[in-house]
There are 2 protein chains.
Amino acid sequence: MTTAHGGKTAGAEHAPAPVVFFLSDSTGITAETLGNTLLTQFPGQRLERRTIPFITTEEQAREVVAVIDRLAAAGPRPIVFSTAVSQDVRAILSRSSGHFVDLFGAHIAQLEHALHATASGEPGKAHGVGDAIRYQSRMTAVEYAIEHDDGQSIRALGRADLILIAPSRCGKTPTAMYLALQHGILAANFPLIEEDFARRELPEPLRPFIHKCFGLISQPVRLSQVRQERRPGTTYASMAQCSYELRNAEEMYRFNRVPYVNSASMSVEEISATILQRMQL
Amino acid sequence: MTTAHGGKTAGAEHAPAPVVFFLSDSTGITAETLGNTLLTQFPGQRLERRTIPFITTEEQAREVVAVIDRLAAAGPRPIVFSTAVSQDVRAILSRSSGHFVDLFGAHIAQLEHALHATASGEPGKAHGVGDAIRYQSRMTAVEYAIEHDDGQSIRALGRADLILIAPSRCGKTPTAMYLALQHGILAANFPLIEEDFARRELPEPLRPFIHKCFGLISQPVRLSQVRQERRPGTTYASMAQCSYELRNAEEMYRFNRVPYVNSASMSVEEISATILQRMQL
């Protein structure tokens, strides 16, 4: 039942890297998210990561503890992030030989005090279906994003919460997909091409929806690199063409007062957080 | 700079709901993830949620504190989840009138001890580009998932890490997208249709890749509901058809020893965590 993913195994030539466990009675996503966030504070460390989700019984918890204890006996003491909710499961996990970091227990008492309420003690539901309407809106948004990827379909732009516009390969597609999947936002994306730069107005199909548009630009060198990977040696991928398109796109955004961001060194998560904030979605 | 998203505003007929803040010097994703996980333990609570990302300066921190203090003076004391890393920013945020839940500070000392190292103190990078190769693999996987959605393209199935198979509307597409976006997994998905059930073998194009296949089924009632929304009154959406396809799909999975899961009451996150574990990806 131990599954290693999301991390690299230490090379055989080194001493074994400490193993970091993300343990959960649910998907393990919360444990991975905060655990990895904390670990980014220690950039030099070689670590091996293992996520073990769905630990719901005391027997499963004891099996996991046996794995941790074996590792602790043979090498460096593992680090154990846990978001397990059940008191019984937590009690067992906390008695392993690893460094036990209880992401759940450390904060729940404070919240009980703040909310004048008692925690339900039910296994984690944060990444379950939860609010069915909200969940369904995320699934609908994923379909919408696929259908409206790269200007494939301009019908139903009126339904969009957001229309991402940019020259090819500035990050429209993964950003639209992230906003759809994580936030249920109906995100269309629309490519700006050479012909669009003959004038500074937005392309015709976008004009009725100017208030929904958000632009992306990149850096010419970065964009050219990305395009070279896709179509090496083409005009499309040349520095001159990339510079031209980016300069014109930025001018178009400014002229039409479309908010925009330079995505060159940003992740989809960072671009998305910026868009959510700027567009007040 | 305050942006409300991800939550519902309290109706005017009620007393104001406590406001929950997710504060971060980065995207706010980690604060939202753990904060919301903890709040699922208090299911009866009406709460209003506000995420404020990218708080990097002391001045920005003081502006946020002013907002929190105003709310605290007028109504229930806000709850403040923070993953801010900077000591100066954290010190300011911690002095607001809200209940301050320091998701970062609470655990970092324990990790410094476990790793015999000092935290870098750099602003959160957990959701930045980080490892450029890993990041690029996620972006490539999103494109791959779009190209290989719903059996659209069977070329390059050999490149797939995973092929999701199922009758229409069992959750293949959003699951493939989630695995691509979050885990960089090259996930193709392939629909099983009426003709495929004439025999128990897998459809021809899948046979060389049987070890990469993972099946989904659902419950007939649930599947029929979902299909009715898409194509009301059709045979496709009828209970009889849904039962028939699900029964045959399950038989096909068993006959070919393809691992599978019933996705009827599972979220994409839960389906994905199950697949990662079962397929050891």
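These residue numbers are counts, starting from 1, taken along the chain as shown.
Cβ from N, Cα, C; glycine included.
What TrEMBL records for this protein:
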- B:ALA166, B:PRO167, B:SER168, B:ARG169, B:CYS170, B:GLY171, B:LYS172, B:THR173: ADP binding site (BINDING)
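Positions of the features from TrEMBL, shown on the structure.
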residue  : record           : Cβ neighbours (10 Å)
B:ALA166 : ADP binding site : 26
B:PRO167 : ADP binding site : 25
B:SER168 : ADP binding site : 18
B:ARG169 : ADP binding site : 23
B:CYS170 : ADP binding site : 30
B:GLY171 : ADP binding site : 24
B:LYS172 : ADP binding site : 28
B:THR173 : ADP binding site : 22
Beyond B:ALA166, B:PRO167, B:SER168, B:ARG169, B:CYS170, B:GLY171, B:LYS172, B:THR173, what residues of that chain have CB atoms within 8 A of the centre of the ADP site's CB atoms? B:ASN189, B:PRO191, B:LEU216, B:SER218
Contacting chain A at Cβ under 8 Å, from the binding-site residues B:ALA166, B:PRO167, B:ARG169, B:LYS172, B:THR173, are B:THR173
